[in-house]
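Residues annotated as active site, proton acceptor in TrEMBL: 116. Look at TrEMBL and you will find 64, 67 tagged as substrate binding site. Residues or ranges marked as NAD(+) binding site by TrEMBL: 98, 99, 100, 101, 191, 192, 193, 217, 218, 219, 235. Under the heading Zn(2+) binding site, TrEMBL lists 124, 127, 151, 154. Summarising the annotation, TrEMBL assigns domain 'Deacetylase sirtuin-type' to 1-250.
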Ligand code: BV8
Ligand code: ZN
């Protein structure tokens, strides 16, 4: 049985849950599914972790600087834009993202719940206080080592305010995400491999609470039961088509 687009038009509370795949068509490498994927190129545990930063701060800071410049030069794609339009088409929308880029915001989405923090915020690795000014990122140069800037208060090294592996997700954001997943009647899970915990629990929570879940992914996604569906294809094409089917040609 295939997904009925009218469910989107009838949704009272829609949750949109995104992963790295929603930014792929903006030219931001995902973590696993492409040969040049960041995780293929580096050990994620080596780079996206406090131990990695302690061991080689210049390599980790250089990786984040490269990613910040990629995002800085990237544009939101039709997938991000369709999600931004959805907010005006349904009574209530909660956007939850695993991504640390600001492409949802630049597409016009407001109040995205960033489970894993954001690249464009920095804090001190030593005293944890937020950095007051964000240095302009250097030009992209994959894997170049760059010494991290220093905290103006304690001279500690600055780090990106993202959630590294082994670090806890911000409790208030995670609770808001879980609550939305349990309250919604429809959840779109877009561009995520569903590997990273606890974020990967979100579609499962929605399904268990009786919602319908639709996965949008270039790869096939295994679904079970009569309330879980999957569409295979790029989000930048599937989402605009879904809005047209649900809300009419000019949605
Ligand atoms: C925690 C910020 C506990 C940083 C990220 C076993 C061993 C070791 C650890 C664990 C383990 N089991 C569980 C863990 C814990 C660990 C974890 O889940 N590890 C995984 C690898 C197994 N989790 C943690 O450590 C979390 N913290 O558990 O803390 C704790 C408790 C108490 C006290 C202290 C600690 C923290 C996890 C957060 C890590 N940080 N990001 C940064 O970005 O640098 S996660 C990072 O990877 C991304 O943010 C993203 O969330 C994730 C990658 O996942 P996806 O978004 O799904 O992206 P991916 O590339 O995987 O997939 C892309 C998908 O898109 C693919 O399916 C592809 O087919 C599809 N696609 C591609 N193109 C398109 C598309 N779809 C549609 N359209 C397209 N065009
Ligand atoms: Zn400091």
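Using the three backbone atoms N, Cα and C, a Cβ is placed for every residue, glycine included.
Overlay of TrEMBL annotations on the structure.
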residue	record	Cβ within 10 Å
67	substrate binding site	22
98	NAD(+) binding site	25
100	NAD(+) binding site	25
116	active site, proton acceptor	19
124	Zn(2+) binding site	21
127	Zn(2+) binding site	11
151	Zn(2+) binding site	22
154	Zn(2+) binding site	11
193	NAD(+) binding site	17
235	NAD(+) binding site	28
TODO: For residue 191 (NAD(+) binding site), list the number of other Cβ atoms lying within 10 Å of its Cβ atom.
DONE: 27
- [ ] Please check each of the recorded positions 100, 116, 127, 151, 154 and report the ones with a CB atom less than 6 Å from an atom of ligand 1, ordered along the sequence.
- [x] 100, 116
Task: Contacting recorded positions for ligand 2, chosen from 98, 100, 116, 127, 151, 235 when the Cβ sits under 6 angstroms of any of its atoms - done: 127, 151
Open item on the list: In whole Å, how far does the CA atom of residue 127 (Zn(2+) binding site) lie from that of the residue listed as 'active site, proton acceptor'?
Closed with: 20
TODO: Within 10 Å of each Cβ, count the other Cβ atoms and name the one among the binding-site residues 64, 218 with the highest count.
DONE: 64
Task: Cβ-centroid neighbourhood (8 Å) of the Zn(2+) site, 124, 127, 151, 154 excluded - done: 125, 126, 128, 129, 153, 155, 156
- [ ] List the Cα distance (Å, whole number) between residue 98 (NAD(+) binding site) and residue 154 (Zn(2+) binding site).
- [x] 31
Open item on the list: So, three-state DSSP: helix, strand or coil for residue 124 (Zn(2+) binding site)?
Closed with: strand
- [ ] Measure from the Cα of residue 193 (NAD(+) binding site) to the Cα of every one of the recorded positions 67, 116, 124, then give the nearest.
- [x] 116
